[in-house]
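Asker: Feature table excerpt (TrEMBL):
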type: DOMAIN; residues: 45-132; note: domain 'Ig-like'
type: DOMAIN; residues: 140-233; note: domain 'Ig-like'
type: DOMAIN; residues: 259-346; note: domain 'Ig-like'
type: DOMAIN; residues: 351-437; note: domain 'Ig-like'
type: DOMAIN; residues: 443-530; note: domain 'Ig-like'
type: DOMAIN; residues: 534-622; note: domain 'Ig-like'
type: DOMAIN; residues: 634-729; note: domain 'Fibronectin type-III'
type: DOMAIN; residues: 734-827; note: domain 'Fibronectin type-III'
type: DOMAIN; residues: 832-934; note: domain 'Fibronectin type-III'
type: DOMAIN; residues: 936-1035; note: domain 'Fibronectin type-III'
type: REGION; residues: 718-738; note: region 'Disordered'
type: SIGNAL; residues: 1-27; note: signal peptide
type: TRANSMEM; residues: 1049-1070; note: transmembrane segment
Amino acid sequence: MASPWSCGVSVLLGLISRLSIFHPACGLDIPLDVVLGHLNIEQLPSLTVQSPSSVIAFPFDERYPMKCEARGNPEPEYRWTKNGQEFDPNQDPRLIKEEDSGSFLIPNSGNVTEYQGTYRCYASNRLGTAISEEIEFIVPNVPKFPKEKINPIVVDEGQPIILECNPPKGIPPLQIYWMTLGLQHIEQDERVSMGLNGNLYFSNALEKDSRRDYCCFAAFPRIRTIVQKTAMSVIVRNTTSISGSESGTRANALMERKPSLLVPSGGQTEVRLVKEQELELECIAEGFPTPKIEWTKMGSVLPDRAKVESHGKLLKISRVHEADSGKYTCKAKNSIGEVVHKFHVTVEEPPRWTEKPESLISMIGADVFIKCAAAGLPQPTITWKVNGLAPSDVPVSKRKVSYDTISLHNVQPGDSAVYQCEASNRHGTLLANANILVMNLLPMILTGDSQEYAAVVGRNVMLHCKVFSSPPATISWVKDDTAKPVDGERFFVHENGSLEINYVTKEDNGQYTCFATNMEGKSAITANLDIKDPTRIVDPPQDLRILRGTTAQFTCQADYDKSLRGDLEISWEKDDMELDFNLTESMGYFADDGILQIANVSHKDQGMYTCRARTSLDQDIASAHLIVLDVPDTPTDLVLFEHKDRSVRLKWVPGDDHNSSTTEFIVEYEESQWEPEKWKEMVQVAGNQTSALLKLHGHVDYRFRVAGMNAVGRGEFSEPTRRYKTPPAAPDRNPENIKIEGHLPDEMDIKWEPLLPIEHNGPGLDYKVSFRRKNAEEKWKEFVVKRHSFIVKNTPTFVPYEIKIQAKNHQGWGPEPKVVIGYSGEDFPSAAPEDVAIDVLNNTLIKVTWAHVSQDKLNGHLGGYRVNWWRFRSLLDSQRGQGEKHSLTFPGDRNHAIIPGLRPFSEYSLIVVAFNGRGNGPGSHSVTFKTPEGVPEQIPILRATNAQRNSITLVWAPPLEANGVLTGYFLEYQLINDTEDLGKLQSINISSPDTNKWVLENLEPVSRYKFYLRGCSRVGCGPAVSEESTTALEASLASIHGGISTQSWFIGLMCAVAFLTLTVLIACFINRNKGGKYSVKEKEDLHPDVESQGMNDDTFCEYSDNDEKPLKGSLRSLDGDIKATDSGDSLVDYGDEDGQFNEDGSFIGEYAGRKARESMEVKGTAPISA
């Protein structure tokens, strides 16, 4: 229904369109009430509010409004009609009137039935009358079923039944249910169903249909009412009770019959309905067997919107249109015959406007034509009214009324009126009010003067000039007081008077004037235009691929016109929906200064994010995609198929890979016997596969599950499959990793890796151990055991045997086992290496050679050779002692070795032993050797004292290890300036080894010096120790210091300090030689890479020592540069476990704690000959 207010607006807008420049429709957006109110011009009535076409008096509502509001000048007056008769609400004290309108309220008190009827509102003033559509006030009665006594319905089995509902009338929609008195629904199917009329139909009765409580319930939701009909009783008689086979056959023949229609009746039905309604065609047939219904449309196919319901008996087509008109047929058939019914469907249409009458303003003396046309089926009839009256009741000589047009000639102000056009057919009525206002008026520009406009470069701008005038005004625009109107391709004056400038530039800045002119006069306004720089996003957001649970960040920075500072707003959208950071669903989103952060990203955060940089004038947008990466979703729909005794195929439906392709699927299994609830991996398949063939063990009750893997990680495992149990079978394999050891000379210990429980393949697993001597004509000796080890006793020492182990269970033997070779127990080697010789390479390194021990004397597998040595004494000492034992182990069959880490200028004793798996053999004859002299160790302490103006006194302690005969000291010193540069190096040879103090003279005053001191032997000088000191400023100060230094108490104090310091150092040295430990880093620093010193590859060995005596030797580097303070440390200081050396002799072992008389064997490469 058209709004009365819209009609009123269109009256004035029509006039404005005639008054505007260039095009008659230019004034459609000018508000009539503003214009006429400002000018105080009389205005025809226009309805603004009215009630809907029907008002229902629901019993739970307090009151029922009858709305009618209008506007006009003068204010309209209201009157009502009821059922075509005058009705005055003011005369009824029970009605509630509303002030300043024609509306009134009908209260829900007392009897409201008397107000039932059809109402119409009239709003009138001096110029004319507007009328509303008819409003029907409906007072529904409370629906009730009549009280009645219904006799039982008695039918023979196989006959049809119709239970009539006949629901009472009420406010739609109506809902009907068939239930028992216990509120149990009557089951419906192809045989039993409810029709559209509410009746319950039985195509053929069965004995089970007999019952006494068939009830029809009618529900009216809009009035919240449900009513129940009196219960009905049905009795179905059994027709097969006649005795005898011939009689029974005849009874069955009587039951079978061709279909006939219960609904609808006759052979053809005419159906009319309105466009957009739902078409419902129903066919319910009786017969035995139960008929089936088929639907067709003659000459066409059923549309896609067609649905068949109610077990095929109801055809529905939603929202019908003209193409759905035609003939439809339903065919009911069974094995006996068929029946057909035709429906002739016509889709009609309520009235709709094809040309709605428009309101308009006309100038005096013009001709006015009011058109009104409508379409519909049937074709609507057009009825005209003037101010609510028939044209014949308001005669005007210059007015002509035709079917769809009213024409007015030479109109005058008195011809202003409200014209009503009503289009009707049997499906409804349309009403339109057209206000015709006749007047002349000087152009009035409704847009305010001196308006400020702003636009950005490259955009369009609209300068407004809304004009109200009669007759129409001519509109023109000029710029900056020029006489010539603006023109050009970029300038366009619209029908409503507005000036549009396209693609503005900076040159478009300035003042513009709008002129409106008609025969009544001329009006003008000015407008100022300011052109701004555009807004541009210079740092747009970038596409992101991010892991779920992490934080995503988008950046958006924009440039804009600086005059708009503070006006820039940056907003964010997700999938074209603006993010409101105040809403709960936007939790996790944080935006600040053009940065959007998304915390704890989840899958719902994936999408397109748009940054919108906006000012009051323009905006710029940039978008980026957020792709959330995650592990694959859980696979679903696991199915086992291709079932076999020892295999099964598993298939699944992959889960979402979350933007990272699935690379593989992991299949795990769980079995219920050995390790229940413990899942183990069975197989991995490629990510493009959705099934896997699973190889199974026997006698196992399996379950399987699957998880997907992608670049992000592994997803959750699926729900497990149902269990799949395999039958028992013989073992598939025999034990592996068979180990033969001999802990005693007359025994052979056989061990193997047992089969896993799941590999048993059935109950009763045993192992058969078979063995015999190799290369001997012996039969296999066999023993069956359950454990996974077996000891063969009374064997010869170190004899080869052939051994095999086979698995068996109750189902049979495993495959034929492989034969392995093993040896019986070993004994100690019975011979020592001979021809032991020593070649001294330098003062810390020797080479040892020996002759191989023959194979028959080894009594086992040769493990290698051990070299043991002892330091008797330093060659400076005349008395010999027994030093701590040292040991190096050299795996394999070899006859030479390099021994590093010896102390220079020392006497040693050395032996060589062979060893096997049982232990060491006898030692060789002892060989004694001496190491050459070396350079002294670093001096432990150097102090600069008694600094004078031109001299400094140096005091030191002798080297802890001279490594030879100490011959004296070598002193060097040099001047250090402020930039840390070193001056010329000067040196002094101190030939006395007993000297521990030296005074340096002729030094420069107030200068800093650096001193270097080395201990020297007959071989050379050792590493230097350094010290720095500064000479004094004045002689007086030096003399003061000198005076103090000559005091007896000061000399005694300094001697005590020196003595205590020396005592502490000696104690530390002795303690370290007795087993003091250092960090691994220090030890590595103390033992430089032998390879860099030219050693050969004869030092691959193991190193060990025992704890019989404290170690007193020290390790030296080949060039003698090892610090003397570290000389108490050697490879063997770090424990009894053997140190390991590469073939080049470099130390690679770990330092370990002591063990009594044990050394660790290092498996190495094959021996290398010297």
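Backbone N, Cα and C atoms are what each Cβ position is placed from, and that goes for glycine too.
These figures come from a predicted structure and were not determined experimentally.
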Asker: Which one of these stretches, 259-346, 351-437, 634-729, 832-934, has the most C-beta pairs shorter than 8 Å to the domain 'Ig-like' (443-530)?
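Answerer: Top-ranked stretch among 259-346, 351-437, 634-729, 832-934: 351-437.
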Asker: Taking contact to mean 3 or more CB pairs closer than 8 A (sequence separation of 6 or more), are the domain 'Fibronectin type-III' (634-729) and the domain 'Ig-like' (534-622) in contact?
Answerer: yes
Asker: Using DSSP, how many residues in the domain 'Ig-like' (140-233) fall into helix, strand and coil?
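Answerer: Across the domain 'Ig-like' (140-233), the residues distribute as 6 helix, 35 strand, 53 coil.
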Asker: Give the mean pLDDT for the domain 'Ig-like' (140-233) on the 0 to 100 scale.
Answerer: 92
Asker: Count the residues of the domain 'Fibronectin type-III' (936-1035) that DSSP assigns to helix (H, G, I), to strand (E, B) and to coil, and report the three numbers in that order.
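Answerer: Its residues divide into 1 helix, 47 strand, 52 coil.
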